[in-house]
């Protein structure tokens with residue numbers, strides 16, 4: 001969440017950040033400006049009443065000590081206290097209104113993030129590994145998966161509905177091997193392996209920014225204050241919800257393998273075949289909690305960690321800097337890793353590594369203590385990696401002319 005003090009002191013900066021995101025919130029901002037104007041007026045009046053109460057209380061105390069009649073002052077104090085209580089309640093309600101409106105305003109855009117209205121304005125940073133030149137027309141992953149008996153799409157629909165899959169046979173072994181490889185690689189890079197619940201309460205989803213604005217994107221358990229997690233970012237980050245961390249314990253680096261659940265609202269007609277876009281998928285996540293001065297370096301470290309897995313699997317990929325209009329709600333700066341898919345003849349996102357600065361930390365009250373002072377930490381998150389999409393990339397990049405799949409050496413010890 002954006003700092004309320006910043007909003008009160010520099011409203012135009014917040015408005016400019018929203019324009020950079022190409023976010024149409026003009027009406028909401030105008031209503032918020034009106035609430036803030038009213039809030040400031042009432043705050044000044046409240047401070048005046050408090051000052052008057054203090055002044056008269058002092059005079060009343062002096063008269064009482066002198067045993068002089070102070071009934072007039074007593075009456076003034078009683079009347080002023082009624083006004084004070086009423087105004088204090090009103091100011092508190094306005095603060096709640098401001099915070100509620102703040103909760104649906106996205107993070108401030110980082111200075112390093114390029115301006116742009118949509119993904120067409122994203123900037124390629126670098127490419128890693130050269131895509132293979134095929135002597136035959138490469139197939140897409142869903143053709144290869146069915147040919148090799150690795151993925152049963154029909155059974156996924158039978159058991160649930162569209163956008164669900166059943167992975168079986170040698171494909172299931174590959175899938176499991178990828179998870180183990182990712183966790184081992186992340187652990188070697190200093191990330192603690194953690195297993196968390198796949199269900200969280202509403203407070204946790206508020207902490208990382210999924211709620212209240214994106215309620216339609218998550219699955220809620222009926223009649224329970226529980227939701228299926230859309231990513232382990234939610235559970236790992238919120239392990240430190242409402243926590244004060246000693247500065248000596250920073251940075252905190254965590255990794256987790258979890259199933260992830262997303263409604264994919266607004267994705268009708270996109271990637272309807274195969275495993276690219278599923279309601280349930282597995283992902284290995286990285287989360288870091290850092291000192292504000294260290295978050296930029298941590299973002300680079302997380303990118304290199306995720307990239308290292310793709311290098312080990314011999315999968316060509318590239319780094320892409322997202323523009324302001326393509327940023328996620330909680331992100332201040334995001335760099336995507338896109339993997340080459342020869343069957344589709346394009347790069348597709350396989351990881352997003354985001355620096356949220358103190359946005360999530362303010363919502364989740366994640367602080368650290370330095371020099372006897374509590375400060376907001378910075379939080380970062382990124383996939384390392386999306387397991388299904390990694391399997392898709394492996395099939396398409398390592399397919400042979402007869403439809404068989406070459407297994408990279410890095411995976412052999414896990415099979």
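Backbone N, Cα and C define each Cβ position, glycine as well.
Residues or ranges marked as L-serine binding site by TrEMBL: 231, 232, 233, 262, 285, 381, 383. There are 30 other CB atoms within 10 A of the CB of residue 285 (L-serine binding site), with all protein chains counted. DSSP assigns residue 285 (L-serine binding site) to a strand in the three-state reduction.
The 10 Å shell around the Cβ of residue 349 (ATP binding site) contains 16 further Cβ atoms across the protein chains shown. Feature annotation from TrEMBL assigns ATP binding site to 262, 263, 264, 349, 350, 351, 352.
As annotated by TrEMBL, coiled coil applies to 15-97.
The domain 'Aminoacyl-transfer RNA synthetases class-II family profile' feature in TrEMBL is assigned to 140-408.
A straight line from the CA of residue 233 (L-serine binding site) to the CA of residue 264 (ATP binding site) spans 17 Å. Residues 231, 232, 233, 262, 285, 381, 383 make up the record's L-serine site, and a Cβ search at 8 Å around their centroid adds 229, 230, 234, 258, 260, 283, 287, 382 from the same chain.
Of all the binding-site residues in the record (231, 232, 381, 383), the one with the smallest CA separation from residue 264 (ATP binding site) is 231.
Sequence-distant contacts (6 or more apart, same chain, Cβ under 8 Å) of residue 232 (L-serine binding site) comprise 196, 256, 257, 258, 260, 283, 285, 287. In this structure the alpha carbons, written CA, of residue 381 (L-serine binding site) and residue 352 (ATP binding site) are 8 Å apart.
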